[in-house]
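**Q** Structure provided below as C-alpha cells; questions to follow.
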Amino acid sequence: MTMDALKRQAAARALEYVEDGMRLGLGTGSTAKHFVELLGERVRDGLKVVGVPTSEATRADAERCGVPLTTLDDLDRLDLTVDGADEIDPDLNLTKGGGGALLREKIVAAASDRMIVIADETKWVAGLGRFPLPIEVIPFGLAATRRAITEVFAKAGVSGELAVRKRPDGHAFVTDGGHWIFDAHLGQIPDASYLAGLLNPIPGVVEHGLFIGLARVAMLAGAEGIRIVERR
C-alpha cells in the first residue's frame, strides 16, 4: 500500500467520529487534505457540518469539496479538529508546522473539545526532534530573536542549526499571517514540554510547532491496518 493510501485510510477512520451538526476544525497538509475530501463526500450525501480551516490552502480545498465554512469569529468553540502531524510521541505530543500553518492549527486545536491526529505509521516516534521544529517569527529584529531562541535551546539541553525556511525560488517562506519560519534541526528533544514553555515568551516568536497536550487520539495507518492510540 502506498504512503498516500495509508494517509487516506487514517482520514477515513477519523471521519467515523464526525456526527451531524458538528463544528469541525480542518487541518492542513497532505493527510488532512484527504480528510477534507472524504468529508466533502459525506456532505454531498447530506451530512450537516461546518468547518473552520487552518490555512488558505485548506480553505480552498474545502470550498472545492463543498464543505460549509465559518471562522472562529463566529464560533468560540469547536467540537472536533482533525489534523495531521510531522511527529507523534507516545504521550501524543506533536511536532507540526511542516506545511507552515502551525499558528492557525494551534489556535483551532486549542478551541476544540477534541483533537484527532491522523498520520501514517512513520510519524510515530519515541521522542520528538527528528523532524525540524518550526518556529514562526516576526521578520523584524530577526537576529535578536534568533539569539534568544539559541539561548533557550542551550537552557533546554538542545542545539542545532536554526535556518530560515525558504521557498523554491530562494526567498523566505511567508506564512498566511505574514510571518517567517525558523526550522530548528535539533535531533532528540529531551523534554518537549519544557522547551515549549521556554519558547512561548520570547519576543518575536509568534508560535512554535510543539503541540503539547492538545491531541486526544492518534490514528496511525500501517500495512496491518489502523492503530488507535489515546492519550494516557
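Including glycine, each Cβ sits where the backbone N, Cα and C put it.
Relevant sequence annotations retrieved from Swiss-Prot are reproduced here:
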| type | residues | note |
| --- | --- | --- |
| ACT_SITE | Glu105 | active site, proton acceptor |
| BINDING | Thr28, Gly29, Ser30, Thr31, Asp83, Gly84, Ala85, Asp86, Lys96, Gly97, Gly98, Gly99, Lys123 | substrate binding site |
**Q** I need the least crowded one of these binding-site residues (Thr28, Ser30), counting other C-beta atoms within 10 angstroms of each C-beta.
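**A** Output over binding-site residues Thr28, Ser30: least Cβ neighbours within 10 Å is Ser30.
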**Q** Between Lys96 (substrate binding site) and Glu105 (active site, proton acceptor), how many Å separate their Cα atoms?
**A** 9
**Q** Can you tell me how far the Cα of Gly98 (substrate binding site) sits from the Cα of the residue listed as 'active site, proton acceptor', in Å?
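**A** So the alpha carbons of Gly98 (substrate binding site) and the residue listed as 'active site, proton acceptor' sit roughly 11 Å from each other.
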**Q** Secondary structure at Ser30 (substrate binding site) (DSSP, helix/strand/coil)?
**A** helix
**Q** Can you give me the same-chain residues 6 or more apart in sequence from Asp83 (substrate binding site) with a CB-CB distance under 8 Å?
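**A** Asp83 (substrate binding site) has long-range Cβ partners Gly25, Leu26, Gly27, Thr28, Gly29, Ala32, Thr54, Lys96, Glu105, Val108, Ala109, Met115, Ile116, Val117, Ile118.
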**Q** Here are some binding-site residues: Lys96, Lys123. Which one has the most Cβ atoms within 10 Å of its Cβ?
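**A** Neighbour-count leader: Lys96.
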**Q** What is the Cβ neighbour count of Ala85 (substrate binding site) at a 10 Å cut-off, with all protein chains included?
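**A** A count of 28.
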